[in-house]
Amino acid sequence: MALRFPRFSQGLAQDPTTRRIWFGIATAHDFESHDDITEERLYQNIFASHFGQLAIIFLWTSGNLFHVAWQGNFESWVQDPLHVRPIAHTIWDPHFGQPAVEAFTRGGALGPVNIAYSGVYQWWYTIGLRTNEDLYTGALFLLFISAISLVGGWLHLQPKWKPSVSWFKNAESRLNHHLSGLFGVSSLAWAGHLVHVAIPGSRGEYVRWNNFLDVLPYPQGLGPLFTGQWNLYAQNPDSSSHLFGTSQGAGTAILTLLGGFHPQTQSLWLTDIAHHHLAIAFIFLVAGHMYRTNFGIGHSIKDLLEAHIPPGGRLGRGHKGLYDTINNSIHFQLGLALASLGVITSLVAQHMYSLPAYAFIAQDFTTQAALYTHHQYIAGFIMTGAFAHGAIFFIRDYNPQQNEDNVLARMLDHKEAIISHLSWASLFLGFHTLGLYVHNDVMLAFGTPEKQILIEPIFAQWIQSAHGKTSYGFDVLLSSTNGPAFNAGQSLWLPGWLNAINENRNSLFLTIGPGDFLVHHAIALGLHTTTLILVKGALDARGSKLMPDKKDFGYSFPCDGPGRGGTCDISAWDAFYLAVFWMLNTIGWVTFYWHWKHITLWQGNVSQFNESSTYLMGWLRDYLWLNSSQLINGYNPFGMNSLSVWAWMFLFGHLVWATGFMFLISWRGYWQELIETLAWAHERTPLANLIRWRDKPVALSIVQARLVGLAHFSVGYIFTYAAFLIASTSGKFG
């Protein structure tokens with residue numbers, strides 16, 4: 001018999017039903033469950049797949065560069081970044097009639113094009129790229145790196161080049177390599193690029209390989225470095241009248257601590273950014289030499305963890321046993337990595353708009369909105385994944401004997417207290433926030449807006465004041481003009497910071513009021529509820545009072561039959577499944593808030609947000625309904641316009657989202673009966689019955705149907721909001 005899919009599971013390959021296909025796809029990446037898997041092969045497969053991942057990333061970025069160079073308008077955008085619309089690529093569509101061709105021909109293009117809302121133009125411009133040739137060179141280089149990555153992945157699966165398990169479990173060497181080799185060296189290289197190419201580029205000096213060694217980024221070269229006069233590198237920074245990309249108003253400094261933004265580009269000073277990367281490089285290069293490898297000096301992670309026993313016995317045996325637990329569990333390591341990456345991605349979202357690093361990106365409002373929303377959604381998925389793999393760790397890898405009375409065991413011992421406290425916090429936030437919104441809503445409906453309960457966020461305003469925001473009149477710390485910190489800030493450190501906080505042309509420390517207070521608590525409710533579901537799923541993954549032997553059933557199981565009464569929907573997978581809905585819900589509130597506040601800020605009618613955000617109808621009418629007008633105007637009696645594609649995507653997103661409910665609010669028997677009826681009809685229909693299939697069609701399992709439903713719900717939800725966001729923002733601001 002020929003080998004059937006899936007080859008990694010002979011048991012599944014012999015399944016006579018369509019379950020073979022779906023279960024095969026579902027477990028393709030669960031290497032641990034495959035036939036003939038060994039620990040060594042498991043590590044090697046994962047290691048090789050990392051190279052494939054890198055190859056895809058480099059190919060994708062290469063494609064961005066290539067298509068902009070080939071079909072974009074980078075060179076004309078560089079001449080006038082504020083008024084030329086950046087083109088991502090052309091659109092070739094045989095269905096386009098003349099109105100469509102006219103609607104999508106913009107940005108100085110000859111035919112229909114897509115506008116870039118990803119910020120790549122601003123990024124490439126800031127780092128010193130100026131011509132299409134530069135973009136082609138970058139694309140070719142990344143293509144080369146992509147090919148090298150593929151070869152690397154293949155190579156590390158060959159017998160001679162397969163690393164051993166001990167190599168994968170050498171934590172100290174890996175830490176040193178990642179800290180120094182990846183973070184340290186790459187940050188140093190980036191600081192070097194900024195100093196040698198980007199900063200001269202911002203001052204009108206075009207540095208390439210042919211003149212790289214002739215152009216000194218600083219007049220005195222390395223002199224100040226070797227004579228210890230490092231402060232010279234910060235002297236004579238660009239002036240406030242500097243025109244980016246020209247020598248007009250340019251200085252000579254390369255490493256500064258100015259703070260604030262370049263007045264023309266409204267982005268961080270390039271010299272500040274270079275300084276930051278140099279500092280990061282220094283820290284990580286040092287950190288990468290701290291762990292004990294060949295020479296018997298430095299820290300041993302195991303020794304560090306074994307020594308971490310808090311005095312007073314409050315945390316039992318502290319970190320004892322953690323080293324082997326973490327080092328031998330890929331799921332634990334992945335959970336930690338995902339948790340860190342998720343937090344970082346959310347921080348990227350917050351900082352890309354409040355402290356924009358790329359020239360002119362702050363004035364490209366649609367790009368700002370798209371990047372914020374994109375990074376928050378990515379962060380949500382990554383963070384929920386962290387808890388999913390934490391739960392799998394508890395089911396597959398956790399050994400109670402190895403972890404007796406350490407912090408992990410104590411988390412499990414205290415899980416009732418942890419879960420009930422989170423539950424209490426969620427209930428408190430939910431009822432109080434909704435209560436305030438509903439009360440205010442009713443007051444507005446009855447025509448007595450003055451009876452709303454409006455709470456000023458005085459503590460948050462005080463924190464903003466402490467950082468230098470003067471408009472609240474708190475007169476504290478950095479907002480107190482006669483305090484020592486304020487005076488030192490004028491000259492010693494970040495003199496531009498206080499100006500930036502107090503001018504209205506950026507998104508630093510936006511003025512907040514009762515509407516912000518309410519929506520912050522709504523978001524807090526979402527965060528706490530999502531966390532509650534995820535934490536409970538992980539802590540109850542091994543067992544609960546209702547089902548003490550849960551771990552024997554694995555990560556995802558539908559029920560344990562009627563005999564156990566009520567064991568449905570309590571697998572760790574079900575907790576993840578439920579949490580994703582809450583995560584999407586929460587990020588919906590976060591992005592609604594961010595977008596509405598910024599739209600009113602950019603349009604100069606902040607009072608609309610302030611007045612309408614304190615009650616539910618305000619959000620529904622003045623944010624969602626008012627801003628969706630562009631989406632229902634994509635096609636009208638006058639034909640179509642450049643928003644038509646978003647209008648179509650808005651409808652399509654709703655369709656995909658609604659399809660999700662077909663899988664979510666349904667039972668397996670219904671589908672099985674329907675499938676059998678269809679199969680019966682098929683087999684009795686002339687011509688149709690000439691086509692036979694090998695596998696008996698069966699309905700999806702309960703867990704699979706939930707996954708399919710969740711996938712449609714998530715994709716439709718994000719498509720719908722993406723279309724709304726881009727159309728409503730670009731419709732107003734271009």
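Backbone N, Cα and C define each Cβ position, glycine as well.
Taken from Swiss-Prot as is:
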TRANSMEM  46-69  transmembrane segment
TRANSMEM  135-158  transmembrane segment
TRANSMEM  175-199  transmembrane segment
TRANSMEM  273-291  transmembrane segment
TRANSMEM  330-353  transmembrane segment
TRANSMEM  369-395  transmembrane segment
TRANSMEM  417-439  transmembrane segment
TRANSMEM  517-535  transmembrane segment
BINDING   C559, C568  [4Fe-4S] cluster binding site
TRANSMEM  575-596  transmembrane segment
TRANSMEM  643-665  transmembrane segment
BINDING   M662, Y670  chlorophyll a B3 binding site
BINDING   W671  phylloquinone binding site
TRANSMEM  707-727  transmembrane segment
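Count of Cβ pairs under 8 Å against the transmembrane segment (643-665): among 330-353, 369-395, 517-535, 707-727, the largest is for 707-727. Of the binding-site residues Y670, W671, W671 has the largest number of other Cβ atoms within 10 Å of its own Cβ. Distance between Cα atoms for C559 ([4Fe-4S] cluster binding site) and W671 (phylloquinone binding site): 19 Å, as a whole number. Across the fold, the C-alpha of W671 (phylloquinone binding site) and the C-alpha of M662 (chlorophyll a B3 binding site) stand 11 Å from each other. Beyond its flanks by at least six residues, the transmembrane segment (273-291) meets 171-173, 175-181, 183-185, 187-188, 190-191, 194-195, 198-199, 234, 254-257, 298-301, 357 of its own chain at Cβ-Cβ distances under 8 Å. C568 ([4Fe-4S] cluster binding site) and Y670 (chlorophyll a B3 binding site) are 18 Å apart (CA-CA, integer value). Counting Cβ pairs closer than 8 Å and at least 6 residues apart in sequence, the transmembrane segment (417-439) and the transmembrane segment (517-535) reach three or more and so form a contact.
Of the two recorded stretches, the transmembrane segment (330-353) lies close to the transmembrane segment (369-395), with three or more CB pairs under 8 Å once pairs fewer than 6 apart in sequence are set aside.
Cβ atoms under 8 Å from those of the transmembrane segment (369-395) belong to residues 117-119, 329, 331-332, 334-336, 338-339, 341-343, 345-346, 348-349, 352-353, 412, 530, 534-535, 537-539, 541-542, 551, 554-555, 572-573, 575-576, 579-580, 583-584, 586-587, 590-591, 594-595, 598, 718, 721-722, 725-726, 729 of the same chain, restricted to positions at least 6 beyond its ends. The transmembrane segment (517-535) makes no contact with the transmembrane segment (135-158): fewer than 3 of their CB pairs lie within 8 A, with pairs spaced 6 or more apart in sequence. Residues 44, 47-52, 54-56, 58-59, 61-63, 65-66, 68-69, 74, 124, 129 of the same chain sit 6 or more residues outside the transmembrane segment (135-158) yet have a Cβ under 8 Å from a Cβ within it. If you draw a 10 Å sphere around the CB of C559 ([4Fe-4S] cluster binding site), it holds 15 other CB atoms from the protein chains shown. Non-local neighbourhood of C568 ([4Fe-4S] cluster binding site): P558, C559, each in the same chain, at least six residues away, with C-beta under 8 Å from its C-beta. Around the Cβ of M662 (chlorophyll a B3 binding site), a 10 Å sphere holds 13 further Cβ atoms from the protein chains shown. Taken residue by residue with DSSP, C568 ([4Fe-4S] cluster binding site) is part of neither helix nor strand, so it is coil. In this structure, C559 ([4Fe-4S] cluster binding site) belongs to neither helix nor strand by DSSP; it is coil.
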